[in-house]
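Taken verbatim from TrEMBL:
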- 13-100: domain '2Fe-2S ferredoxin-type' (DOMAIN)
- 52, 57, 60, 82: [2Fe-2S] cluster 1 binding site (BINDING)
- 122, 125, 157, 159: [2Fe-2S] cluster 2 binding site (BINDING)
- 230-458: domain 'FAD-binding PCMH-type' (DOMAIN)
- 258, 259, 260, 261, 262, 263, 264, 265, 338, 361, 408: FAD binding site (BINDING)
- 757, 788, 901, 1068: Mo-molybdopterin binding site (BINDING)
- 792, 869, 903, 999: substrate binding site (BINDING)
- 1244: active site, proton acceptor (ACT_SITE)
């Protein structure tokens, strides 16, 4: 193979393509280089972003156009540039976000509408979403809303909550509704509220398809059929032009991989460390692109993409009789939820079969349908039925008495890998319900797709009735067995699904069969009406929304505060012109860094062998603890961790060293070649339960107590005990951690460009590691692609490493972590475990509470003591007279967990709602009545002795009840549940009370620098960082109002430590309060300085008064803050933000899936500085909470290895997860005198309101359990995944599995 490789290198061809209308000829195309790398590093087109490198987030989406000779037409399709090999784009046109419009020339309507509809916050995902929509419009200028939703199945956004993106792009659809408008928040009993728009849809530029970029004529020229070869550093890429050539090449290179879309091989080479020196690309071979209708069905070539397959099958379904297309419809149903549109556009049918995945979406369908495969090698052809592996698909037509269904169950409906998939096919004897043949196949129940042969044999010649159902379920419980330690876990759930999905098939067939036989005069039993919903396929409904806010009164239109101004960077973000850290052009002689991390959770380092790594081309140095000129100890509060592990590692992902090389690819390849030998240590502490067993806690253990708890329990009518576990959560900012360190060559100076929320802390810790004073280090932050707390302290672990490397090699060094690296080394939200004892009266009044909270801090303290905020929120919004809470911070062998939106508050409140739910269930009372009864009132005191002033939660509650039409909705839910057995609906209303301030008192300060230039322009700098929340936009509004000048005269460039020093992190929802007041103070002082000039020239204007150069820096500190745990006295929070949410859900009791039907939110944000941004924060926070409480799950091995390291395994909410009906109202007439311009913080408080979805799910489960005569409290841990929901809905199927499995 190596000899042949050397021989073919001399025949390497050029890649010719056209990118944004510019001809590009790459003479030395590297087969391992992706289109994304080429765009960013070779062409400087940085609008296309790297979000995950595995095709799971859509940030890298571009449009590829080509003339397809087999389809004889030009095709446009969205692709993931992070997976698309450069070599695969020969003779293609590529359009990136820069190619469709720019700020300098003209915006494209797709770019304009997402920005003006407030659909871009951090903006990192925006270019990818723009290009997905653009590709859709190039193919369909007037799409339906369903088309729009389908186009976004491969795109993720962590900031906006998706609603404004969909609303903005709804304007392109055939039927548009002006959902972009919001309504003034007036007290009225009907929905005819006067409109006040968040944006004006009439201002949108029209879409004119005739003005789009034409397909390059030079690519229309038919190319001579010839083989193409591209020889790289390690890999030979061969693109044969005929089947004969392919078979010859495969015989020559038997181990060569066949690649069409690179959606599997690309992942294997990057993440699984597999190496394939020869790649064969058969995408253009005519025989493998065939789609041929035959007498028996449709023959499909192996290189046909899933998108093309779907188009063909949809056309066949429209054309052929219904009974002939059951298999086609089953395949289409699977394709609906197969990855994202970008993957389906390039992934091939043959590749899907060849991977032989145990959780394949399509193989169970092919197997159940007895599809045939044609498999060829040089000189040989075989045709055989699908048996769970190998190549090309051939679909049989179905007969009149045959019924077919396919099912897929996954944690998230859109773009997710399956837990269990199945295909089921039954054929009946004529004019009867007697089974003639049946095939049931499952994925996810064995290493390959399997047929339930024994069960199928038992069902032959049996009538399709309840007896057959019982026999089938019993048999499947025996046949589809799994070991308790089976890979993938969820054993009980998976085994239950095999039965539940068959039951769905049984009902589906029973219904269709009864109708078909009735036509022939034969009567058999139909499905009972209350079971009918179990046969319905999941439908993605088009969402609707309403946003309510208090408009600026007439006559105050010049007052920019309170106006829904667009995010100041939104347009730049939509065109790809907004600069993020890794978008900074490369410096001359710049190097790239890759981390070398521990593979053991607790071990001594015996030796480090870097010989193989240093032999990789381009490697310059290996950096480790010995290279640190200053201190190796680091940490945001306590120096209890190291920059580099020295002699011991305490988690998987502990940074041991770093490789510095000329390219990122070389650095990463060399990092994987470093060999570390360990001596493993015990114990390995991973979970909270492990920490409790080993008494592994950080000190101090903190507690809060009020009243006489013992007496409170004595006075109670009842006492209950309960427990709840809340899983951790990955921040999943779309832009991973990134640092560029530039040594300045004198006096130890270092300049850092960092994606961080904490510029000053980065400066301090880098200076400590380098052994220099802080004044030699400058940290600069332009913007972040999301942060959410994850870049408050953990970003420094990368910044210090990169800075040390730059200092060592005396050259600029850059590192942007891949998604899997970022998730491995940075930690996330703290998992929590709570145990509670509650005393309550018969009417639901809670008299006493004792709660113990445990948080999993990881291997260092980091900011975990501040997560004691959970103790401050363990009451949520309820006044408990006698209360005692204790908080333990567990020390474990996981990467240190850190800040994440809410910072312990959501976990404390979640456990509060758990015991409140238990009390309501125990009393048999409506949960909303019990909650309302126990709620605080104005002037009450919290357990930590802070008085509640301006308490608006009762107003929020009443308005939310009205906004959601709660009582009517509850009646409808109860009626629905009486009429349906296998789907249930639930309803819940949840309040939140969130304290605003850093619990570390010294952080409640900020600074601002205002520079006024002689032309009247103002340069504003403050201590806060922009991560999508719109902080810079709000600060410009504050300065504009205070100075009395237009926003257009004010500019913010960046946050830097050489302009405003010693700043607090942008966190704790306090940045608008702190920095806004600092800016206000600075502007007020500036105005005082200007007053003499205004007095001299009262008829002058701003430009006249500021002819002298003026600048002023001012600081602000929140007054009267401080709390003492020892005495339970003080004032930990400046004020509280309040909110209430109502949510309605529908669960599938057989699979555990749920659908978010409705959410109404009323949020007290004081007098909103910017309603568009504040509503965006409410919706975005709510969707993050939705992920925390219903979807996102971090999975670790017993040895501390994180399995869920990217969007393939770790699922955040997608477009299809937003509530079908979403209403958001900002409480009116609720000014807050303790913050800038009477506003309130909004970043963190709304997140917990997603608990309303969790408790609506629990309400629906309660209804399901009642069908099995199960009543009273039950434990439901968070997140409420399909597995937990299904297992909680105990019924005859779960009991059958448990009895067989000895649960």
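Each residue, glycine too, has its Cβ placed from N, Cα and C.
Projection of TrEMBL feature records onto the structure.
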| residue | record | Cβ neighbours (10 Å) |
| --- | --- | --- |
| 52 | [2Fe-2S] cluster 1 binding site | 26 |
| 60 | [2Fe-2S] cluster 1 binding site | 28 |
| 82 | [2Fe-2S] cluster 1 binding site | 29 |
| 258 | FAD binding site | 21 |
| 262 | FAD binding site | 26 |
| 338 | FAD binding site | 25 |
| 788 | Mo-molybdopterin binding site | 32 |
| 792 | substrate binding site | 27 |
| 999 | substrate binding site | 22 |
| 1244 | active site, proton acceptor | 28 |
Residue distribution over DSSP helix, strand and coil in the domain '2Fe-2S ferredoxin-type' (13-100): 15 helix, 31 strand, 42 coil
792, 869, 903, 999 excluded, remaining Cβ within 8 Å of their centroid (substrate): 789, 863, 866, 867, 899, 904, 905, 998, 1000, 1067, 1068
Cβ atoms near residue 157 ([2Fe-2S] cluster 2 binding site) (within 10 Å, other residues, all chains): 32
Spatial neighbours of residue 408 (FAD binding site) that are distant in sequence (at least 6 apart) but have CB under 8 A: 334, 337, 361, 418, 420, 421
Nearest of the binding-site residues (52, 122, 159, 264, 757) to residue 792 (substrate binding site), judged by Cα-Cα distance: 757
Nearest-integer angstrom distance between the alpha carbons (Cα) of residue 264 (FAD binding site) and residue 903 (substrate binding site): 37
Residue 264 (FAD binding site) CB neighbourhood, other CB atoms within 10 A: 19
Between residue 869 (substrate binding site) and residue 1068 (Mo-molybdopterin binding site), the C-alpha gap once rounded to whole angstrom: 11
Non-site residues, in chain order, whose CB comes within 8 A of the mean position of the CB atoms of 757, 788, 901, 1068 at Mo-molybdopterin: 787, 789, 790, 792, 899, 900, 903, 1066, 1067, 1069, 1243, 1244
Residue from 82, 159, 999, 1244 whose C-alpha is spatially nearest that of residue 258 (FAD binding site), among the recorded positions: 82
Nearest-integer angstrom distance between the alpha carbons (Cα) of residue 788 (Mo-molybdopterin binding site) and residue 903 (substrate binding site): 10
Near-site residues: [2Fe-2S] cluster 2, ref 122, 125, 157, 159, CB cutoff 8 A to centroid: 120, 121, 123, 124, 126, 158, 160, 734, 785, 786, 1028
Using Cα positions only, nearest of the binding-site residues to residue 999 (substrate binding site) (52, 82, 260, 262): 52
Residue from 122, 125, 757, 901, 1244 whose C-alpha is spatially nearest that of residue 57 ([2Fe-2S] cluster 1 binding site), among the recorded positions: 125
Pairwise C-alpha maximum, in angstrom, for the residues (258, 259, 260, 261, 262, 263, 264, 265, 338, 361, 408) that bind FAD according to the record: 27
Environment of 52, 57, 60, 82, the listed [2Fe-2S] cluster 1 site - residues of the same chain whose CB lies within 8 A of the CB centroid: 36, 49, 50, 51, 53, 54, 55, 56, 58, 59, 80, 81, 83, 128, 819, 1207
